[in-house]
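S.K.: My questions will all concern the structure given below.
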Amino acid sequence: MVADIGKGRLSAKLSKKRPSALVRQNTFPTRSRSWWAVSSSLPLLRAIDELSANPEQLAAVRETGHCVVLAGPGSGKTKTLTTAMARALAEDVVDPRGVACITYNNECAIELETRLARLGVAAGDRAFIGTVHGFALSQVIAPYARCVAVELPADFRVATRTESRAAVEIAYAAVIGGSDDPHRRWGFASEKRRRDVDRTQPAWQGRNPELAAFVEAYESELRKQGLIDFDDMPLLAYRMIKEHTWIREALRARFPVLFVDEYQDLGHALHELVLLLCFGGGIRLFAVGDADQSIYGFTGANPELLESLTRRGDVRTIRLRFNYRSGRRIVRASLGALGEERDYREVAGAPEGELTFWSVPLGLDMQAQAVAATVIPKLVEKGIALDEVAVLYRAAYLGDKIALALKRAGIPYVRTDGNAIVRRSSRLARLIEDCARWVEGGWRNAEPRFGRLLDQGVALVYGRHATEEEEQRLSDRLMGFLQATIGFDGSTHEWLQRFDHELIAGWRTTSRNAEQEWDVCRKMITNTDPAADLDIPLPHFAGRVEGTGRVSLSTLHSAKGREFDAVVMYGVNAGDFPSDRDKRSATGLREARRLFYVGVTRPRKELSLIFQEHHHSPWVKELFDRSQA
């Protein structure tokens, strides 16, 4: 790409077809390839050298057989995973073969792509990085469905939420009938659908056959309309791979190594795919996870699946014990949050770390006011920047209370919960936010680069492959919009409306990406409705505010994998941690405790817990006792 910046004018044009970074690096003649290997290996060699002081990390990176890495909080999991991927591509996997990496959500995938780019690895023809749904759709269903009998037309697409709900209602009427809520019953059917992946097993029809019939009728209704849903993707991929060994062999030819991040969160469909591809199909497995941080039971996650891999004789298990993130007191106290002993330890020279327990006379509203008026100002007094402070809570409605308190106190914030303007797991939402950053001054120093925005746009609209004409047309339209909104004096709501009208409307009609949810921008428009007092200035949305940035507001689930200098755990009251619902089963109670543990292990320096006086969670007491030891 050639970018010209003139007096008050910006333009971008493509001088020729731009291959992806990875393809460009690997299309040198044989004589030049050794030069590429040496030059691109320098960041990798540095990364490996940085791990040399930790024998567990180094052993994981160098492993050439099946390997499971059990990685506790702050143990350098992502660095170990990405270094192992880069090393495998450089030393074990011969071009043009590559590797695949499956992770929990798009936000995790974006983080992995960013880390790998620093090591000279870009997502492309030799490195797939994405969710299990993305892998199933792009690497199995899209290329091979037309070759096997799966009853999908060539132009199949992903059902919208409205279409899925309608199919549930039709299937319910056909199979079960009656006046009960079909969607409530579908919750049970959906759980069975995710758990019983292999429908040739007796459990599919033998255990609650009515739910099995409900699922099959629902899927049949989708197929009549040329639709699949997200849960269909790994299930269809599994059946195709199981029934057609040549698909398994094709995948092994392309991806001789499979990396899996956050294994404990990925559920039964992914586990069955791993058993089929790795232990039945000859693909090497490198899995990373932590059963203590398994918090997505409601989506089918089961920590036992990860633990079952560690019991296999053909898998090497490596445990990462050192916590590079948190201070000593936080590391020691975190085991009180978990309620179990682990051999985790802080690194030599780690800071002490601080824990503060805030008791407030009344309930959640007063606790939110205390966070805004007292807790956050105290952290700022200690020199902690606002963008290194996170307030964590169990549910998005609690985020509403914190957001209101911060807004009244004049403290800027960004939300990453279900009521956030930007849905962090959506690549489209991330592109929109990056475009806002560009027009709000990022164009001056290429933060972000226009080329990166263009690559994101091409991937969203066309997948990884677009013609030169398609890419040029998208480039012209995107740059035209960005130019026109530099110095935009309207609000975020107004800017998003323009983005939807001028860009997304056209992208939606030309898209070849069956997985993309184009309604994300309209949801963002709703979430900034000025009539509901939700609108914010565009610089705030873009993260370009004077001073020290914005406080992060996040549910505990959304905070997993992130870290901050200071964390405030809001609303850790008796009755909330654990809740009555948590107490209904031993499984639910254990998962709630793991969720509490995830929050406690996010901070580097400061952990603050705020609760109602005389009504604190029993786990807060255990945390306090452990911190005093």
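Note that Cβ sites are derived from N, Cα and C of the backbone, with glycine treated the same way.
Below are the features listed in TrEMBL for this protein:
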BINDING   Ala71, Gly72, Pro73, Gly74, Ser75, Gly76, Lys77, Thr78  ATP binding site
DOMAIN    50-327  domain 'UvrD-like helicase ATP-binding'
DOMAIN    321-561  domain 'UvrD-like helicase C-terminal'
S.K.: Just counting, how many other CB atoms are there within 10 A of the CB of Thr78 (ATP binding site)?
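M.R.: Excluding its own Cβ, Thr78 (ATP binding site) sees 19 Cβ atoms within 10 Å.
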S.K.: Which of the three DSSP states, helix, strand or coil, fits Thr78 (ATP binding site)?
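M.R.: It is helical.
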S.K.: What mean pLDDT score does the domain 'UvrD-like helicase C-terminal' (321-561) have in the model?
M.R.: 88
S.K.: Under a three-state reading of DSSP, tell me whether Pro73 (ATP binding site) is helix, strand or coil.
M.R.: coil
S.K.: For the recorded ATP site formed by Ala71, Gly72, Pro73, Gly74, Ser75, Gly76, Lys77, Thr78, name the remaining residues of the chain with Cβ within 8 Å of the site's Cβ center, in chain order.
M.R.: Thr80, Asp290, Leu320, Asn323, Tyr324, Arg325
S.K.: Using other CB atoms within 10 angstroms as the count, which residue among the binding-site residues Gly72, Pro73, Gly74, Gly76 scores least?
M.R.: Gly76
